[in-house]
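Below: one structure, written as structure tokens.
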Amino acid sequence: MKSNSQDAASIVWHPQLVTKQARNQSNGHKSRMIWFTGLSGSGKSTIANAVQAELFKRGIQVYVLDGDNLRHGLNADLSFSMEDRKENIRRTAEVGKLFVDAGLVVLAALISPVEEERQRARSRFAEDEFLEVYVSCTLQECEKRDPKGLYKKARKGEIPQFTGIHQPYEEPKNPDICIDTTDRTVEQSVQIILPIILEKIAWKEGEQ
């Protein structure tokens, strides 16, 4: 019986006639992976969706990969164990890479608590294709917000292995963008992040 490595060695990558560069040129902007990381309740998904709306208004091809949404389908078979969290990030990075190759700006919003796994996700992209956005917020504020009631359930022991309560969150060592949402509104956060993303994707007002 062949090993997985032997099977993989016999698989050849099939190049496409339409390249990523051609898609970027057609779209009028560069494709990028924007990876939002932070505690539950910090505002990752809310900010990512607000940024998506602003980019979409400008005619930019954009899509949000939300961690919770992915667990309804692609990652529905995964638990919250450390090994499954790693696989969750791996799958999301691979899907995101396909979307970037297709010419999209991808906004991934996942807790992704382990620095090593975030760096592994980054390694799947070209050096200038991946931007890490650390959505910083104190645990106290996240727990106060608790929009999904998860912290309350975790404190009661109803949710094991919950990041910030039972498992640590490793802060990014050198994020491309750091935004503290403890005392900032979503709108204020978007105003800080959006210009940076527009510059990174080389989009210019009035060219669409």
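Placed from the backbone N, Cα and C atoms, the Cβ positions cover glycine too.
Taken straight from Swiss-Prot:
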type	residues	note
ACT_SITE	Ser112	active site, phosphoserine intermediate
BINDING	Gly38, Leu39, Ser40, Gly41, Ser42, Gly43, Lys44, Ser45	ATP binding site
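Using a 10 Å Cβ-Cβ cutoff, Gly38 (ATP binding site) registers 29 neighbours.
The CA atom of Ser40 (ATP binding site) is located 10 Å away from the CA atom of Ser112 (active site, phosphoserine intermediate). One way to see the shell of the ATP site is to take the Cβ centroid of Gly38, Leu39, Ser40, Gly41, Ser42, Gly43, Lys44, Ser45; the remaining same-chain residues with a Cβ within 8 Å of it are Ala109, Ile111, Val135, Cys137, Cys142, Thr181. Only Gly38, Leu39, from the binding-site residues Gly38, Leu39, Gly41, Gly43, place their Cα within 10 Å of the Cα belonging to the residue listed as 'active site, phosphoserine intermediate'. Listed in sequence order, Phe36, Thr37, Gly38, Ala109, Leu110, Ile111, Val135 are the same-chain residues at least 6 apart in sequence whose CB falls under 8 Å from the CB of Lys44 (ATP binding site). Sequence-distant neighbours of Gly43 (ATP binding site) (same chain, 6+ residues apart, CB-CB distance under 8 A): Val135, Cys137, Thr181, Val186, Ser189.
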